[in-house]
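Participant: Could you have a look at this structure, given as structure tokens, before my questions?
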């Protein structure tokens, strides 16, 4: 891709995100989401592979439908209440439509079908953007309207997302699809708590972005697109693969790593809200995710292929590990001691 074109699309992504995050009016938030959608589509389809083109079309159709629903929701709310302010979503039908639109944007169950397919058709760097940066504007809208949403509906969608993300990730062999179902599962954790503690949802999202970013960048460095390729990457970059194992275990939520912090705080907050049943269910469902993270970690560090593979083994890499991967991996594993400061801030 032309460097100037890539720069234009990257700047458009930044602009669209900034517009949506900083807006208080529904129309400007919608415009920012549209800029984001149009800027990411060329990055998805830049390889010109049929699967990439298919992923770009699926992404466009789903995001266009979600944006239409969001605009429709805001217009109905303005019609009944006279308010275009994002925080003044007081009409129940508008609230329901908005929940549907944001669920489609984020990939929450039952509107998750597009997400694994789009990630599988995208390059690893674009898949990282789709899993992290592109979820920030919809998450901001969810944050601003959290007081107006239906708690029962959100809890049901959250538990379904955690369950489906865990179950569907178990039998995958493609790393991008595994990370897509991991994302769906983590979105369940964020959604279940957003009404009771919106700041905790944002903190969970930030930590999720750090850990997922570290994993995607590591996989991009070792060029690991499936589990059989991950088996051979240990011989190329043993230190990087060890770091990847730690980051995966952190994403699974094992103490004493960073990923344990949001899950611990969410279960604590749910218990305070007398939602012990939901807390128990979502904690048990996280064990499904733990299984496929352990599987990934096992493949990346402990296993060597038992038989000849049909792709060329690259026994060393000329590419030095980037500073960004080192920073993100450090943050992904070492932030738990800062939990008293985090507790004070929320």
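Cβ atoms are placed via backbone N, Cα and C, with glycine included.
Note that the coordinates shown come from a computational prediction; the quantities given were computed from them, not determined experimentally.
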Participant: Given 127-148, 281-302, which one carries TrEMBL's transmembrane segment label?
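Facilitator: When 127-148, 281-302 are checked in TrEMBL, transmembrane segment belongs to 281-302.
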Participant: Pick from 202-219, 220-237: which range has transmembrane segment per TrEMBL?
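Facilitator: The listed stretch tagged transmembrane segment in TrEMBL is 202-219.
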Participant: Is the count of Cβ pairs under 8 Å between the transmembrane segment (178-196) and the transmembrane segment (56-76), pairs 6 or more apart in sequence, 3 or more?
Facilitator: no
Participant: Can you give the mean pLDDT for the domain 'NADH dehydrogenase subunit 2 C-terminal' (290-342), rounded to a whole number?
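Facilitator: Looking only at the domain 'NADH dehydrogenase subunit 2 C-terminal' (290-342), pLDDT averages out to 76.
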Participant: Who are the long-range neighbours of the transmembrane segment (152-171) in its own chain, taking Cβ under 8 Å and residues 6 or more past its ends?
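Facilitator: Distal contacts: 96, 99, 103, 108-110, 112, 116, 177-178, 181-192, 194-195, 275, 278, 281-282, 285-289, 291-292.
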Participant: If we call contact 3 or more Cβ pairs under 8 Å (sequence gap 6 or more), are the transmembrane segment (96-115) and the transmembrane segment (56-76) touching?
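Facilitator: Yes, the transmembrane segment (96-115) contacts the transmembrane segment (56-76).
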Participant: Could you tell me what the rest of the chain brings near the transmembrane segment (56-76), counting residues at least six beyond its ends with Cβ under 8 Å?
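Facilitator: Here the qualifying positions are 26-27, 29-30, 33-34, 37, 40-41, 44-45, 84, 89, 91, 93-95, 97-98, 100-102, 104-105, 111, 114, 117-118, 121, 130, 141.
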